[in-house]
Amino acid sequence: MELTEVWFVAIAVLWLGYFVLEGFDFGVGMLLPVVAGNDAERRAMIETIEPVWDGNEVWLITAGAATFAAFPEWYASLFSAFYLPLLVILVTLIVRGVAFEFRGKRDSPTWRWRWDAGIVAGSFVPALLWGVAFANIVRGLRLDSRHEYVGTVADLLNPYALFGGLTTLALFATHGAVFLALKSTGEISRRAVAVAVRTGVVAAVLVVVFLAWTQLHGGSLATAVLAALAVVSFVLSLVAVGRGRQGWAFLLSAVAIGLTVISLFAVLHPDVLPSTIDPAYSLTVVNAAATPKTLGLMTWVAVIFLPLVLLYQGWTYWVFRHRIGAG
Amino acid sequence: MDTVDLARWQFGITTVYHFLFVPVTIGLSVLVAILNTAWVRTGNPAYLRATKFWGTLFLINFAMGVVTGIVQEFQFGMNWSSYSRFVGDVFGAPLALEALLAFFLESTFLALWMFGWDRLPKLVHLACIWTVAIGSMVSAYFILAANSFMQWPVGVTVHRRAELADFGAVLTNKVLLATFPHTILGCWLAGGVILMAVSAWHLARKRDADVFRPSLRLGAVAVLVGAAGTLISGDVLGKIMTQTQPMKMAAAEALYDTRQPAPFSLFTIGTLDGTRPLFALEVPGLLSQLATGSFDGKVQGVNDVQREYQRRFGPGDYRPYIPLAYWSFRLMIGFGMLAGLVALVLLWLTRGGRLRGKGWIWRAAVWSVVLPFLAHSFGWVFTETARQPWIVFSRMKTVHGVSPSVGVGTVLTSLIVFTLLYGVLAVVEAGLMIKYGRMAPPSDDVTEPGEPSPAY
């Protein structure tokens, strides 16, 4: 396998890690006003993700930086093309991040209410916009011969991309509800199950349509199989959560999100950013890549350190494995 | 203003802002780890209370450092896509390594430390905060490797773009080897000042001396080490700067004509356009010493370097904005040294178990809290603006680095959004730091690790 292919896979893995992990903490954040009935319950919900959300977000930072290093042209075209959506994502992620730390720092309901609103918005908006962004990546952008984006913001808000946004939104909300059902006790856990089933049905419909639609952008038998498996695991996850098998439910919804990400990247390959103006202007795994020297160096570092990261992040989940109640 | 100006303003504002929190994070993580170690070793409850007290201030800061850091990574692609295309092969690698080797470590082990008090054995818990401290220094190393590459691009061959030739050279860039200790010691100075200033506030009110007297002394020692260390490493850095970027050194002194020996001016009143000095208070030979290590060394002036650069790089103006370089250089040094002076006085007054001093020295100690932030900010302003017009010295000019597809309105929008957001958050953060800085230290109880009810 060429190193460029290795790094295409590596980038996909980093985004997969990001969406599976931050996906559930976005979900918990979004569901704050839905599941919790009072401040103690909101507090307990936040406690379920507090020790892990920051580590989850590092997957995004690593995905961004690895794209910069392994595919500089991809990074440059993508980030300048998605300027305004990324600005919105950054602002909401900033507010959300400080909200986790700041909300408990003053004993005032207004203060807490404001930061909670920040957590909700900071979970809702990125969950939507990441879907919009990824659908646009798969669909392609108006790139000129220098790989510069010549479209407008309005071009990014096309029906397929917006549908992609709704899909990730619903998927993450369900993923979060499933996580919450697993990690909380009593009333919160019961309500989370009910929410997971309800949002799950909506998400299942969205994900079927979105993945089928995605196949039109260069799908193959393999990508169709991946998409079908994603849908199957997602439905099984809903069945499991309904039957009180919350560990399985969470595992399956994680698998479903993982397979969805893989199927999107599989449809995208060998492009990394197709041009809708002329296929000759598309960025591919080859013409967007860094030199073999840089890729080789990064491969060694990733091979040694990524397993280590998984190991100690896994340990965190083990240390904080207890269920949390509002008591 | 065009996109280049706006993108530069945005980079300047977001970077200086981000770097208000980074030094506190790096500095306080080590100091909290030291106090935590003192508690584990001695069992003295005062150290535990101190650990928790400073830990809270550390966490408030850490959150701001993390969230403003993401902006830094993203804006290379958003505002500076041509730069990113040109340097990605070299510049991206340290950023990726920073994320993979340092950020995961910091965020994961900080959470373990923060929420693991009653879930982890004492020594494992202690190891977590040390891991955070080391992680934050590793992170600084990689980010400074990236920055040093912009100052002195080694380890590359340039074809259509800058391509990595020798990563070892990038990681042992002589600018990096001087910049890293300079920055880290500056961070200890910043962390130390927080301990010093907040402790002074409490001690002046005779509160919790068992917690705040050792904290004050630890902080003051960190400030002294930081001040002395930045001075020494800064001296080394100055000599390297003279070899690598003679224009920067000339701009730092506003030395227009080559002189041997060259004096160092403590302050200068110049013409408004900054091209000619009117009055200067000078120390003879000192600039020669700073730049070359000899009191009668030759230091090149701006005009001569300008002529030389035109020969090497073609026609153009290679002069940075000199008054800014001149004053930011002095203010960086001045504010840093002033903090060192305050620390020296406080160590003297609190020696041998004593706690004396007039009201004014406590007030001075409290207000010294602003000094390292001013020093750091001016330091970044100096090192980044005195490199201009280059974005990568001798390889790429800043005007060629911006995103061609991004319009003025877009950059202006994000500049306004970030400025407003950062402004609001600054007020909130300062308010919280003051509130928690004035609180009494928390109690010394830690429940022993118990059996949790597992979810999985």
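Note that Cβ sites are derived from N, Cα and C of the backbone, with glycine treated the same way.
Here is what TrEMBL records for this protein:
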type	residues	note
TRANSMEM	A:6-37	transmembrane segment
TRANSMEM	A:82-99	transmembrane segment
TRANSMEM	A:119-140	transmembrane segment
TRANSMEM	A:160-180	transmembrane segment
TRANSMEM	A:192-213	transmembrane segment
TRANSMEM	A:219-241	transmembrane segment
TRANSMEM	A:248-268	transmembrane segment
TRANSMEM	A:297-320	transmembrane segment
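Sequence-distant contacts of the transmembrane segment (A:248-268) (same chain, at least 6 residues past either end, Cβ-Cβ under 8 Å): 8, 11-12, 15-16, 19-20, 23-24, 134, 137-138, 171-172, 174-175, 178-179, 181-182, 196, 207, 211, 214-215, 217-220, 222-223, 226-227, 229-231, 233-234, 236-238, 240-241, 274. When Cβ distances are compared across the two stretches, the transmembrane segment (A:192-213) makes contact with the transmembrane segment (A:6-37), since 3 or more pairs at least 6 residues apart fall below 8 angstroms.
Counted over residue pairs 6 or more apart, the CB atoms of the transmembrane segment (A:119-140) and the transmembrane segment (A:219-241) come under 8 Å in fewer than three pairs, which marks the two as apart.
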